[in-house]
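Under the heading transmembrane segment, TrEMBL lists 6-24, 91-112, 124-140, 146-163, 170-196, 208-226, 296-312, 318-335, 347-370.
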Amino acid sequence: MINLKLLDLALLFLIGLHLFISPFTKVEESFNIQACHDMIVYGFDDLSHYDHTQFPGAIQRSFWGAGLLSIAIRPFKGLLSSFFANWPTRLFYQYLVRGLLGLFNGLGLIRIRRVLSRNISKETAFWYMILQMCQFHIVYYSSRTLPNFIALPLVSNAFALYLTHENVSFAVLAFSGVVLRGEIGVFAVILAIVSVLQTHNFDNFLHIFKNGVVGTLAGAICSYVFDSYFWGYKVIPEINSFVFNVLEGQSSIWGVEPWYAYLMKYLPNLFNKSPLLILVIPGLFLKNDKLKNSKSLTLSSLLYLAIIAFQPHKEWRFIVYIVPPLVITISTVLAQLPRRFTIVKVAVFLLSFGSLLISLSFLFISSYNYPGGEALQHLNEKLLLLDQSSLPVDIKVHMDVPACMTGVTLFGYLDNSKLNNLRIVYDKTEDESLDTIWDSFNYVISEIDLDSSTAPKWEGDWLKIDVVQGYNGINKQSIKNTIFNYGILKRMIRDATKLDVGFIRTVFRSFIKFDDKLFIYERSSQT
């Protein structure tokens with residue numbers, strides 16, 4: 001059997017690989033990534049420059065996740081600034097923030113593996129790691145600052161504690177629910193009920209209840225103090241979010257799906273539509289005292305899935321917490337197969353390898369879903385060249401909503417302290433005041449193609465200087481042509497052995513259909 005520590009390193013490597021191939025972020029990650037920028041760059045005393053003061057969003061969100069990540073990095077700010085002195089932007093901080101979060105998530109999953117290895121069996125731990133690495137969503141998003149994945153390290157560690165019969169796990173889950181994501185609190189309540197019903201032990205109920213109350217109160221106090229400071233008024237964001245989304249039903253604004261969507265759509269997608277998911281059912285009926293707590297986690301996960309299905313608005317990230325428990329149960333089934341089923345295990349291993357390849361293809365495709373980040377870097381390159389030859393001048397760049405939603409972050413802005421002649425201001429105005437400041441813009445990044453007959457008329461004369469493309473589907477014909485072209489396949493294999501990925505990347509890029517997503521314009525009078 002493969003050394004389990006090598007699998008630990010492989011998981012961390014995959015998380016890092018996904019970060020470096022797809023470094024930009026989307027709108028769902030924006031609050032936390034922008035907050036990280038502000039905390040690292042401006043500190044915690046002066047909040048006047050913080051992004052949320054101008055763009056607060058529909059509901060308040062907690063600063064706790066961004067705060068923890070920033071506090072871990074900020075002491076090394078001077079050293080990092082010196083080390084990355086040649087970087088014209090602060091994108092290195094974005095890599096570091098995401099890398100740190102990815103490390104926390106990876107270590108949380110690895111802690112579960114270690115508990116499985118120690119308390120159940122090494123083979124169970126082996127299958128757990130193999131299957132976990134094949135989960136595209138888990139690996140891809142582990143370094144992304146979605147609130148759910150900022151909470152996931154705490155959830156993973158809580159699961160590890162629960163598997164070792166530590167009731168403090170309920171304090172961790174309750175704290176996470178109040179501070180980071182309310183649905184984790186729902187899961188904690190379900191797990192508490194299942195645990196009490198299984199043990200029929202009143203003392204156990206008291207321990208669980210006490211830990212739950214302690215975690216809830218600690219979370220409420222911490223969130224109230226910390227978040228009220230940053231928002232400038234008294235608030236516990238997750239309570240407000242629960243009221244807004246659940247009690248007032250406002251989550252329906254973002255779309256409604258039928259109750260079975262989680263079971264029929266999102267859960268299979270989280271497992272790359274693997275048939276192994278069906279093994280969860282027999283896993284619940286395995287006769288082994290060592291599996292008592294893992295089965296409680298799985299049963300609670302299924303009940304959580306059933307309860308949250310009644311919430312009209314559905315997203316896969318709301319159920320991401322149940323992936324590790326389900327993977328654990330699938331792993332216990334595979335580990336307990338008799339030796340005569342060795343061929344089945346070989347088939348599962350090959351199936352997992354195929355699933356990993358699918359996940360890597362998803363990574364490649366997903367990396368083209370961030371035209372905003374690409375466009376900003378393209379424009380920055382032009383501005384850096386202009387900075388070398390220009391007289392001192394102020395430059396103002398406007399980025400529209402689609403650009404900001406697909407990769408533009410504060411970390412991607414050029415650092416004016418590293419420029420010689422230009423002083424650049426980036427603008428994200430999206431309300432009616434945009435018309436009043438339009439004349440001040442020198443450059444615009446927009447989804448609008450001014451060459452289109454349906455394009456609105458912009459005030460002033462604008463020159464299109466660049467076009468950024470993005471993903472628009474799969475080119476099936478190109479895939480077929482490549483599969484049946486021996487020469488191309490031979491060269492790809494040869495280059496792979498030399499670790500030369502240039503040609504391979506070109507071939508894979510031909511499998512994707514692209515279309516124009518964003519356009520970069522320069523005011524024609526610009527000098």
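Numbering starts at 1 and runs along the chain as displayed.
From the backbone N, Cα and C atoms, a Cβ is placed for every residue, glycine too.
Because TrEMBL annotations are produced automatically, they should be read as predictions rather than curated entries.
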Proximity of the transmembrane segment (146-163) to the transmembrane segment (347-370), 3+ C-beta pairs under 8 angstroms: no
Leading stretch by Cβ pairs under 8 Å, where the reference is the transmembrane segment (6-24) and the options are 91-112, 124-140, 170-196, 208-226, 347-370: 91-112
Selected stretch (most C-beta pairs under 8 A with the transmembrane segment (208-226)) from 124-140, 170-196, 296-312, 318-335, 347-370: 170-196
Beyond the flanks of the transmembrane segment (124-140) by 6 or more, those residues with Cβ under 8 Å of it: 1-2, 4, 7-8, 10-11, 14-15, 18, 22, 105, 109, 112-114, 116-117, 269-272, 274, 276, 316-317, 320, 323-324, 327-328, 330-332, 334-335, 348-349, 352, 355-356, 358-359, 362-363, 366
Tertiary contacts of the transmembrane segment (318-335) (same chain, 6+ residues out, Cβ under 8 Å): 109, 112, 116, 120-121, 123-128, 131-132, 135, 137-138, 141, 148-149, 152, 155-156, 159, 183-184, 187, 262, 266-267, 270-271, 276-277, 279-280, 282-284, 286, 288, 291, 294-295, 297-298, 300-302, 304-305, 308, 311, 345, 348
Long-range neighbours of the transmembrane segment (296-312), counting only residues six or more past its ends (CB under 8 A): 159, 162-163, 183, 186-187, 190-191, 194-195, 198, 245-246, 249, 251-252, 256-257, 259-263, 267, 280, 283-284, 318-319, 321-322, 325-326, 328-329
